[in-house]
Amino acid sequence: MNPQAKLIFTTSLILGTTITISSNHWIMAWTGLEINTLAILPLISKSHHPRAIEAATKYFLVQAAASTLVLFSSMTNAWFTGQWDITQLTHPVSCLILTAAISMKLGLAPFHFWFPEVLQGSPLMTGLLLSTIMKFPPITLLYMTSPSLNPTLLTTMAILSVAMGGWMGLNQTQTRKIMAFSSISHLGWMTIIIIYNPKLTLLNFYLYTIMTAAVFITLNSIKVLNLSTLMTTWTKTPPLNAILLLTLLSLAGLPPLTGFLPKWLIIQELTKQEMAPTAVIISLLSLLSLFFYLRLAYCATITLPPHTTNHMKQWHTNKPVNTSVAVLTTLSLVLLPISPMITAMV
C-alpha cells in the first residue's frame, strides 16, 4: 500500500477513536464510529485477495448495521426523554437496542459470527487493529452507558461469549481464528463486570490489548498463519518462540503472569456482589480457552515437526528482535507483582 494512503487511514483511525471516546453527544460518537469503519476497510482489503475482499464486505455490512442501531437507539431515547447526552440513556427500549448494537460492534456473543471470518481474511497487523483499537470506542460507549443497561442480559451474553469463544476455538488450526475466539472470550470477562465495576473492564481491556499486541507482533515477525507452520519456526528464532510460550500462557490467565490479574480481580468483585455461582461458571468455561492457548504454546516450543513435513525449515536468523515485542512481552509477563499499584491507579 502507498505510504501516504496508509498514513491517511491510520490518522483517520486515531481521529475516529478520539472523537468517539471524547464525545458526550450521540451524533458525535456515531460519527467517530463511522470514520473508524471507513478507515479500516482499505487496510483489511489491501491484499486484493478474494478472501480479503470478502472480509472487508462482511465487516462493512455488520458495522453499518450496528451503527444504524446506535443511531436508532439514541434517536428513540431523544424522542422519549429529549436527551442526546450519552450518559442520559434511560429509556428501556433504547438500552436494549444499544446493547445489541454494541455487541455487534464488539463481536460479543450471540453477534460474534462475523469476527473470526473477518480476522481470517485480514493481514496479521490489521487483525491486531481489529482486535484492539477498533474495540476501544464501543467499550467506551458501554462504559458510559453501563448504569442504564440490563445486568441480567449483559451477564447472560458474557457467559455465552466465554463459552462460545472457548468452545469454537478448540478445533481451529489458523492462528488468526484462534486469536479471534480468544478475543470473544476475553470480551465476555470484560462485559460481565461492567455493571458492577466499570474500571475493572477498562483495566482488563488495557491488559488484554498489551498481551494480544505481543502475540500478534510475534506471529507477524515469524510469519506464522497456521499451526503447521508454527511447528517449524523453532529453528528460526528460538528465544522469540520461548517468549511466545509465556505470552500465550499469560493470555490464558495463568498465575504468576499478567493475564491472571484481571481474572483474579473480576472473580473477587463477582464474589463481593454475591455472584459466586456466576464466577465459578465463567472460571470453568475459561478452561476451554486454556486448551487452545496450551496447544498454540505446545506447537510453538515443545514439539519437533515430523520429518515428512511439507514445510521447509526456516534458516536461523540473528536479526534483532523488534523493540515493541520486547516491551510488550515484558509487560505481558511481569505486571502481577505490582498489581496493588495498578489497582490504585484505576
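Glycine residues also receive a Cβ, built from the backbone N, Cα and C atoms like all the rest.
Small disclaimer: the values here were computed from a predicted structure and weren't measured.
Here is what TrEMBL records for this protein:
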| type | residues | note |
| --- | --- | --- |
| DOMAIN | 23-288 | domain 'NADH:quinone oxidoreductase/Mrp antiporter transmembrane' |
| DOMAIN | 290-342 | domain 'NADH dehydrogenase subunit 2 C-terminal' |
| TRANSMEM | 7-27 | transmembrane segment |
| TRANSMEM | 60-81 | transmembrane segment |
| TRANSMEM | 93-115 | transmembrane segment |
| TRANSMEM | 152-170 | transmembrane segment |
| TRANSMEM | 176-196 | transmembrane segment |
| TRANSMEM | 203-222 | transmembrane segment |
| TRANSMEM | 242-266 | transmembrane segment |
| TRANSMEM | 278-304 | transmembrane segment |
| TRANSMEM | 324-345 | transmembrane segment |
Interface present between the transmembrane segment (324-345) and the transmembrane segment (152-170) (three or more C-beta pairs under 8 A): no
Considering the transmembrane segment (60-81), which listed stretch of 93-115, 176-196, 203-222, 242-266, 278-304 counts the most C-beta pairs under 8 Å: 93-115
Highest-contact recorded stretch vs the transmembrane segment (203-222), from 176-196, 242-266, 278-304, CB pairs under 8 Å: 242-266
Folded-back contacts onto the transmembrane segment (242-266), same chain, C-beta under 8 angstroms, at least six residues removed: 182, 189, 192-193, 200, 203-204, 207-208, 210-212, 214-215, 218-219, 279, 283, 286, 289-290, 293-294, 296-297, 300-301, 325, 329, 331-337, 339, 342-343
Beyond the flanks of the transmembrane segment (176-196) by 6 or more, those residues with Cβ under 8 Å of it: 106-109, 112, 115-116, 119-120, 122, 124, 127, 131, 135, 139, 142-143, 146-147, 149, 151, 154-155, 157-166, 168-169, 204-205, 208, 212, 215-216, 225, 251, 262-263, 266, 269-270, 273, 278, 282, 286, 288-289, 292-293, 296
